[in-house]
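Shown next, in structure tokens, is the structure this report addresses.
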Ligand SMILES: *[C@@H]1O[C@H](CO)[C@@H](O)[C@H](O)[C@H]1NC(C)=O
């Protein structure tokens, strides 16, 4: 179990659960090189997951289910309705931008065009070589289908096309979307979370921006499909869902081992679908999950937060002891303030869930890393909660970089300046982490040294070296004498556990939100450094590729043949938006789902 080595002993139990999840014949085939999915439901283990033997495949079922017509076996006795009343006006989210002067505008516009060019290149390559497939392979020019074969990249990039004013390409893409059949797939099991954030989120956002009815029609088809994953006796959804079993009328029961982000990150898309269609059933479906989160919030081993692994069958969201804002939990927390906004501020439960969980997260998951610059920054790590004790492990995941934006946005929505400050320091943490590496890109997973407190922290080279040595000792396969040079550790980093950069968006996402909220140009400068660094290292002859090792010094970082759909859906969109006029997709009008699809806030 390579997973244990990668994570260290402290996540052994969580890792074990995840391992069990894998053994239950997951549908998801780790793409070549093991690029994980954005929220890393299985990403940590994917790279080292043993290749599954290639059993002769049964011929794919070509039957197409009309999900809207398949009977529900466990109907609800009464629907939970959408909250009624006029939306409560939210506080102003964005900075009150003044007209910019000529030079600043010229620089910004040049940069915006550069980002657009990078996107155009990737879109063209996808169109020519992988049209209607889930992903383009940016080195070989081939294609991959790990998300159901429903043109994941195409659907994910629709709203980016619109925002970048590539209207001709947008029309072509919309015509193609009309031909996608969500009634069939070659996957055995569908990942409900991924289908929700990429396909449902992508279609809803593109519909809202363009008003193209076929996109709403397709969003409904995806919604009807996913609704069947909720057809269990206790109405908890199956997150790794047997598509054909459900389609052919098999009985379903919710799972005992579920990743908390996968069950907790359906609220935005399902709420918006109910609002747009005036059919409450999707809102009803997610509200039943929200009730469990609410009832059990104070009963977990780290009260306020929920563990990474939960039991949906009971349902019991309190048993496990591993807590984090990072992989496998992340968007659960991100969605509380955003869903609150999306529901017009009319359901206070999401405010309570956010405020209570963030109290705990601030107290237990945040730490100040020791850096040579004595930088006043924050990071969010992993916590083991046991017997009323909480132990912090100062991990740093690229995925956790979304927290800066979450705190800043949550701080604005709920008028909590402390959260805006925390959001700024967390975002500064990721900007620091990028700059510390030789190619200006931070790794997927690493460790830092946590200062004893957040008030002040002097760099101490010996403390850092001792921590590196201690950490190198932890992995029993590692040579205890392994030194900083051979690990290629920049000062401040105590270990790099996963050296990849897979074109992820979370750092630029928070930088973008901080820019729109504070109006400070330093964020645009940080964004440009990130963009040029990423563009420089990831460009291939046809598009952009994930990196295997961002810490090399003697050559450029080696690449793998993978370009996940979030590169065009999220990373390039946020880069584009930070260099656009602040009125373009204003944070006062939209909330972004966790795949960067903007959903309109009802006014
Ligand atoms: C915080 O930790 C530093 C050691 O890095 C120490 O010098 C300082 O006194 C501590 N401050 C507080 C307020 O505890």
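The backbone N, Cα and C atoms fix where each Cβ goes, glycine too.
Bear in mind that TrEMBL entries carry predicted annotations, made automatically and left uncurated.
Matching 7-28, 29-50 against TrEMBL, the residues noted as transmembrane segment span 7-28. In space, 506 is the closest of the recorded positions 194, 330, 444, 506, 594 to residue 430 (disulfide bond), judged by Cα positions. Ranking the recorded positions 194, 330, 401, 444, 594 by Cα distance from residue 506 (active site) puts 401 first. Residue pair residue 194 (active site, proton donor) / residue 594 (Ca(2+) binding site) shows a Cα separation of 10 Å. Cβ neighbours within 10 Å of residue 506 (active site), excluding its own Cβ and spanning all shown chains: 27.
Sequence-distant contacts (6 or more apart, same chain, Cβ under 8 Å) of residue 444 (active site, proton donor) comprise 397, 398, 497, 498, 499, 500, 501, 502, 504. For residue 401 (disulfide bond), the number of other Cβ atoms no farther than 10 Å from its own Cβ, over all displayed protein chains, is 28.
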